[in-house]
Amino acid sequence: MATATLSLSDTDKLSNLKSAISTLNQITENEKSGFINLVGRYLSGEAQHIDWSKIQTPTDEVVVPYDKLAPLSEDPAETKKLLDKLVVLKLNGGLGTTMGCTGPKSVIEVCNGLTFLDLIVKQIEALNAKFGCSVPLLLMNSFNTHDDTLKIVENYANSNIDIHTFNQSQYPRLVTEDFAPLPCKGNSGKDGWYPPGHGDVFPSLMNSGKLDALLAKGKEYVFVANSDNLGAIVDLKILNHLIQNKNEYCMEVTPKTLADVKGGTLISYEGKVQLLEIAQVPDEHVNEFKSIEKFKIFNTNNLWVNLSAIKRLVEADALKMEIIPNPKEVDGVKVLQLETAAGAAIKFFDRAIGANVPRSRFLPVKATSDLLLVQSDLYTLTDEGYVIRNPARSNPSNPSIELGPEFKKVANFLGRFKSIPSIIDLDSLKVTGDVWFGSGVTLKGKVTVAAKSGVKLEIPDGAVIANKDINGPEDI
């Protein structure tokens, strides 16, 4: 038990916290004990210190190249057998606030008027119809997205998928000054609480009763991914490999580009594969961590996990992932959120591996600059809900796009483009100031558009702009 190594004052902190938590009737007993457990671990300072000299680059046995995965059978009956063992789980706890939207992020329209959730449902519908199987969809919501998601799921009542929702834990924010729960200080609204990161997916799946229900139906593996990653589609090759090799856990990684230097990477450490995040790296090694030469891959957060193994480890309270302290401020009060990440659980599972997958399996939409990419002619949408890259682009990497704050919110972004420009031959685009794009615009090479302060700059319909810096109409 973590409390064994607590100092006297920390023991007092924890016992005061336990008393305060016991009065909070908004959360379950499971949530209370999970929270106290997490805080106890945090106070005991159990954080693992990485000995840099022990880090080894994983071999191809540990991080398997995609083309070395076990071959698939051509027989549709075998495919159906595989799919009947699978559950798809999307992490659906995030709000669309950073992109200026209300409600769950998964209901932002991405392509052709369809939302993230519409696309996910279409993909699984197509699989179930094609192979006569019943892959269920689970959505892990947070208390922020739960009510809205329940209403949205009703739209899919006529689909051929079972859709289940469950909530991740709801923990109280801690006031930094005295370690008291914020809801006990009179802040009883949503601001007093937080969802403790996606590492919570494992205990929440168990506590919700969903895990036992899935096991009872003969399900064996769950494919977990962020709902905003358009590339995270069911991949039978990965599932087949895991079943054949009895791997309890697989993290999809992909080669780093300069845009991904802060992403977590997989390392071999003392005989086990584990996730190394930038927060764990000693200051003197940060530049080395960011280098593409030494650490060549990063975590996509597409994870495949054996359901029986989750049950075993949660019941044994063995999933002690690294704690990520996340300091925040609520109404001028400094608070602390303790979180964990699902990827960090890799080291607790037997025969855990990474799969080095193509970049196409990582297409997250985190900002309107990503929306520009997926709504442009660089991508097309198939009838089955897959977003496919246009083979007409010869450059394997996507253009880098930087849009100014005027484009940050989805509504403003859509308003400033009469139609999304053609960017098949674009290398980079940087837009600043009050810029408006006409319809049928084509952008090529390196393009910068910078409106002068207080001046509205309109790019005319049909303009073709190649390798130019545009500061006014005279430059077009």
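Using the three backbone atoms N, Cα and C, a Cβ is placed for every residue, glycine included.
As recorded in TrEMBL, the features of this protein are as follows:
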type    : residues                               : note
BINDING : Lys105, Gln168, Gly197, Asp228, Lys366 : UTP binding site
BINDING : His198                                 : substrate binding site
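Feature map: TrEMBL annotations on the structure.
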residue : record                 : Cβ neighbours (10 Å)
Lys105  : UTP binding site       : 23
Gln168  : UTP binding site       : 27
Gly197  : UTP binding site       : 23
His198  : substrate binding site : 23
Asp228  : UTP binding site       : 22
Lys366  : UTP binding site       : 14
Compute the C-alpha separation of Asp228 (UTP binding site) from the residue listed as 'substrate binding site', stating it in Å without decimals. 14
Given His198 (substrate binding site) and Gln168 (UTP binding site), what distance in Å do their CA atoms have, once rounded to a whole number? 8
